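Inspection log for the structure reproduced underneath, given as structure tokens.
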Amino acid sequence: MKLNLALLPGDGVGPEVLSQAVKCLQAVEETFNHQFIYREAPIGAYAIDKYGTSLPEKTLDLCKTSDAILFGAIGDPKYDNNPEAKTRPEEGLLELRKSLGLFANIRPVKAFSSLSEKSPLKKEIIENVDFIIYRELTGGIYFGEKKTNEDGTIASDLCEYSEKEISRVAHLAFKAAKNRDGKLTLVDKANVLESSRLWRKVVSKIAESYPEVKLDYLFVDNAAMQLILNPRQFDVILTENMFGDILSDEASVIGGSIGLLASASIGEENALFEPIHGSYPQAKGMDIANPVASILSAAMLLEHHSLFEEAMAVREAVDKALKKGVVTTDLNEKSQYGTNQVGDFIADNIVDSDEPFTMNDENIDLGKSTII
Ligand code: IPM
Ligand code: MN
């Protein structure tokens with residue numbers, strides 16, 4: 001298969017984690033005889049510094065004409081701490097999502113058994129956790145009207161949703177639930193918010209067309225608690241933009257590190273794949289950032305193009321790295337491995353994915369294993 005891929009490294013550790021994902025895609029090309037063409041474009045703080053805008057037109061054009069977009073990370077502290085800043089790096093990503101109509105953000109959360117000791121949550125709580133968050137991505141409070149009064153003492157952000165915005169992401173979530181364990185949880189704040197009441201109305205109507213799926217509802221404050229009390233109860237979570245943003249960061253503690261969570265942002269015509277973590281500016285250029293989320297985002301990209309065997313080879317190589325302790329220091333503070341070495345190990349194992357896995361998983365003491 002031939003695929004045109006847009007690479008948007010962005011800020012902070014974005015470029016270094018993205019390069020590891022590209023290494024893995026190159027290993028897939030070699031092993032499975034595909035041809036991927038990579039074209040890079042600026043976005044975020046990097047683009048503001050160079051071109052005065054966080055989303056240059058040529059970046060948007062490249063994305064529109066690509067088969068998929070692989071994104072690194074966005075954000076820079078020099079903007080975070082300056083409320084007066086005229087333009088912000090994050091605007092580039094938001095504008096990109098909006099312009100490409102990437103309305104569904106899909107964030108799988110899975111507890112890797114090899115990392116069960118790593119999570120701050122108890123092993124019995126996180127064992128076998130496997131759910132997926134469908135976050136609406138181009139509506140709600142992120143994109144509603146923003147206002148500040150003249151003397152700058154009152155500000156507001158409007159949270160608005162239309163039936164259409166709710167139903168298109170809801171259908172995707174119902175389809176996913178139908179192919180999984182058949183359970184969909186709508187997370188909202190319908191006891192307070194009018195927009196949440198519209199979500200309930202629209203989603204419960206759609207549920208009638210999916211009799212195989214059991215729909216239940218949870219208020220977002222309770223959902224935040226349930227995610228850490230009993231995360232196994234979830235199969236597919238459907239929620240609006242901001243609740244999804246917050247809950248997916250919370251859910252990342254289940255796996256032990258936010259550096260493991262990948263995501264896909266899907267629209268009618270385009271699709272973008274990115275780690276859910278931020279730009280982690282303190283780690284920039286230090287070769288310590290975890291590349292796994294970016295590599296798993298590449299696996300989601302392959303699945304999106306129905307390259308299932310290829311995606312599986314990537315996932316198996318990631319599992320092997322985790323089991324053998326070839327991980328960055330967020331997963332094992334004594335680890336000797338840097339971003340690049342973890343990327344190399346995973347890419348090498350994609351090429352050799354037929355090789356039998358000879359080490360006994362049970363005996364691998366994460367962090368103590370030695371790889372030569
Ligand atoms: C995410 C990020 C973005 C968001 C930021 C960078 C705008 O936190 O993808 O979750 O809030 O959506
Ligand atoms: Mn976020």
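Just so it is clear, glycine is given a Cβ too, placed from its N, Cα and C backbone atoms.
No curator has checked TrEMBL annotations; they are predicted automatically.
Copied over from TrEMBL, here are the features:
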type    : residues                      : note
BINDING : Arg97, Arg107, Arg135, Asp221 : substrate binding site
BINDING : Asp221, Asp245, Asp249        : Mg(2+) binding site
DOMAIN  : 4-346                         : domain 'Isopropylmalate dehydrogenase-like'
SITE    : Tyr142                        : site 'Important for catalysis'
SITE    : Lys189                        : site 'Important for catalysis'
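Sequence features annotated in TrEMBL and their locations in the structure.
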| residue | record | Cβ within 10 Å |
| --- | --- | --- |
| Arg97 | substrate binding site | 21 |
| Arg107 | substrate binding site | 24 |
| Arg135 | substrate binding site | 28 |
| Tyr142 | site 'Important for catalysis' | 19 |
| Lys189 | site 'Important for catalysis' | 17 |
| Asp221 | substrate binding site | 13 |
| Asp245 | Mg(2+) binding site | 19 |
| Asp249 | Mg(2+) binding site | 15 |
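Under the three-state DSSP scheme, Arg135 (substrate binding site) falls in the strand class.
A strand conformation is recorded for Arg107 (substrate binding site) in the three-state DSSP classification.
Taking Arg97, Arg107, Arg135, Tyr142, Lys189 as the recorded positions under consideration, the smallest Cα distance to Asp249 (Mg(2+) binding site) is found for Arg107. A distance of 7 Å separates the Cα atom of Arg135 (substrate binding site) from that of Asp245 (Mg(2+) binding site).
Reported as a whole number, the C-alpha separation between Lys189 (site 'Important for catalysis') and Asp221 (substrate binding site) equals 8 Å. A Cβ distance below 6 Å to any atom of ligand 2 is met, among the recorded positions Arg135, Tyr142, Lys189, Asp221, Asp245, by Asp245. With a cut-off of under 6 Å between the Cβ and any atom of ligand 1, the recorded positions Tyr142, Lys189, Asp245, Asp249 reduce to Asp245.
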